[in-house]
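Asks: Dumping what TrEMBL says about this protein:
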- 580-673: domain 'DYW' (DOMAIN)
- 65-99: repeat 'PPR' (REPEAT)
- 265-299: repeat 'PPR' (REPEAT)
- 365-395: repeat 'PPR' (REPEAT)
- 398-432: repeat 'PPR' (REPEAT)
Amino acid sequence: MISLLMFRRILSIASSSKQIYTIMKKLSQNSLNNSSTQTPLFQLYIQRHDINNAYRLFLKITNKSNYIYTTMIKGLISNNMLDKVLDLFDEMKIQPSRITLTMLFSVCARINNDRAKQTGRKFLNEMSKDFLNDNILLNSAINMLMKFGDVKNAEDLFQIIKKKDIITYGAMMKGYTLNKMCDKALDLFEQIELNLSNVSYSIILNACAQLSNDRAKKIGRRLLDEIPEKFKENKYIQSSAIDMLMKFGDIKNAEILFKMFEQKDIITYGAMMKGYNINNEPLKSLKLFEEIKKNEIKIDKVVSLILIDTCAKIGIRSICESTLNQFPSYLYNNQYICNALISMWGKAGLVKNAQQIFESVDQPDVITYNAMINAYGKNRMGLEAVDLYRKMPNNLRNEISYICILNACSHSGLLDEAYSIFNEISHKTQQVITTMVNCLSRLFLFDEAKQLIEDYEKCNAPYSVMYMALLSGARNSRQSHLSQEIHKRMQLLFPNEKNHLISASILLCNISSSLGDHEEAQALRLDRIKEFGNKAKVGLSWTEVNGEVVQFTAHDQSHPRSKEIYAEAQRISTELIKYGHVHDASWITRPLGEHETAESVLCSHSERLAIAFNFIEGRKPSFIQITNNLRVCGDCHQATKLIAKIRQVEIVVRDANCIHHFSTNGTCSCQDHF
């Protein structure tokens with residue numbers, strides 16, 4: 001039999017797995033079955049990253065030590081063979097060590113399926129009591145339980161730990177944040193008497209960002225001021241701080257902080273760009289992309305997804321195309337990227353492009369299907385959305401699938417299809433029922449919508465979004481009595497939901513104005529300002545001409561060519577009147593000023609200025625695209641149909657509700673159902 005010393009010398013000169021295999025063939029079977037030769041051979045396979053041969057040999061080793069298990073688990077984890085780790089523990093014949101258990105809990109947290117939960121809980125329950133003083137092991141167990149959503153058992157384990165370190169506190173706070181219990185994360189933070197680590201700062205800032213209430217803002221800003229100098233250049237703390245300020249809506253201080261950083265990397269840029277997107281400032285996000293290119297920083301998958309979201313928010317085809325042309329080609333092989341692109345092209349009104357990407361995906365997942373169904377729905381292609389939904393495997397459908405398809409039916413007026421799909425859904429969640437209420441309200445079927453709400457409230461607490469859907473439908477049908485009834489009920493049921501009460505008051509005010517009752521509207525407006533402050537959302541429109549993306553607000557005078565834009569808007573208005581258009585003053589939601597007319601106010605809406613901008617200098621475009629952050633008003637919708645016909649130009653307008661395709665024959669894809 002070959003000696004152990006000789007065997008190790010032979011292995012040490014082998015330069016590849018192929019050479020090792022050749023040596024093994026020449027050895028006797030007895031030599032290979034000997035544990036003294038198996039162990040060094042196993043070690044060599046691991047060192048050479050030959051994980052498959054290492055695993056085969058591991059299965060042959062009869063007396064496996066904890067060292068062998070630990071080495072094998074490390075190898076499997078480094079090669080992302082996590083299910084094999086669970087297989088290994090299922091067959092384990094010895095008591096696992098602290099190290100192997102720590103690794104197991106980490107693997108179970110990453111996999112986080114039913115099998116992982118069962119395995120992780122089993123080994124945690126059977127764990128030796130001698131291990132209860134090992135913080136590293138228990139921190140890993142807390143992280144695992146939090147990933148499982150098992151907050152109670154994580155809290156029980158946390159209480160057992162006598163000497164809690166900052167990592168233990170971090171695991172709990174991160175777990176609370178993960179489980180949308182940020183108040184508890186902040187409660188725990190205020191109990192900490194230890195020095196915070198860089199990771200702890202990021203966790204607390206993230207909790208404040210997610211919560212974004214008065215308490216979170218106070219703690220987050222105080223923490224930001226107290227961060228030690230040694231952590232201020234930490235890129236993870238930087239990105240967490242920017243993310244927090246952006247979620248607070250504090251763009252100014254986020255920008256100041258961003259400029260203070262001496263070394264900006266792709267993570268810092270990504271946090272800033274994402275923040276601009278959150279705050280409806282996608283043009284600023286695009287400018288940062290230009291800065292990234294100038295500084296020759298390579299974009300990664302995360303920033304690519306943020307950029308796709310930027311393009312989706314702007315919704316201008318040419319911007320989408322020019323930005324995507326700068327992406328590395330390998331990114332298009334990533335399914336997350338493909339899913340985001342389907343959504344982006346849908347929002348840009350180019351459904352064909354979305355379809356091409358959908359068809360290029362070998363194995364569409366639930367997000368792929370949902371993105372495509374939503375793209376059809378936004379573009380009023382309800383029948384195509386229903387067809388794809390029917391082709392979607394039943395096991396893939398989730399709550400978002402139901403919301404997307406019901407919205408698609410709603411936008412296209414497909415009531416029978418909506419009812420059919422709604423009745424098929426076995427578990428109707430709060431969001432699914434809300435979507436159906438919205439569908440019925442959009443079609444002015446208010447009795448049916450109210451009945452759905454009544455049925456829901458028999459077993460559940462009232463939900464403000466359902467009432468907002470009902471109120472929005474009442475506003476579209478100008479039902480003053482119903483609107484007042486809904487508004488009063490909302491004030492009674494949801495006295496603390498400030499944002500929804502503001503939105504409801506604005507809708508009610510708009511209904512009064514549309515019916516010519518400006519005194520009532522003004523009274524409602526003053527009451528709202530007195531109670532909540534002046535927080536009405538400013539209407540914005542974007543358009544692109546010759547590579548320049550321009551943003552307009554209503555009555556905007558800020559553009560350097562403002563005089564030309566207003567002169568063109570007036571020419572268009574004159575043409576509209578000539579073709580029989582009557583400006584509908586019912587869409588004006590405030591009293592007219594001394595020198596204002598219905599025509600001057602309506603022709604100064606942001607989308608009308610954006611359309612006029614496309615025609616200055618005598619330009620004759622064949623295609624115009626505009627993105628609005630609010631819903632288009634009825635007068636602008638009617639005017640845009642006529643402009644498309646008179647000027648023989650295709651116009652695509654995306655508003656907060658859907659995408660309108662105005663054809664040169666004077667029709668809109670929404671068939672006036674908006």
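Residue numbering: from 1, along the chain as shown.
Positions of Cβ are set from backbone N, Cα and C atoms, glycine also.
Just so you know, TrEMBL annotations never went through curation; they're auto-generated.
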Asks: Restricting attention to the domain 'DYW' (580-673), give the mean pLDDT.
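Replies: Residues in the domain 'DYW' (580-673) carry a mean pLDDT of 90 in this prediction.
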Asks: Checking distant contacts: for the repeat 'PPR' (65-99), what same-chain residues at least six beyond its ends satisfy Cβ-Cβ under 8 A?
Replies: 39, 42-43, 46, 49, 51, 54-55, 58, 106-108, 110-111, 115-116, 119, 123, 128, 131, 134, 136-137
Asks: Just to be sure I understand, if DSSP states are collapsed into helix, strand and coil, how many residues of the repeat 'PPR' (365-395) fall in each?
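Replies: Per-class counts: 25 helix, 0 strand, 6 coil.
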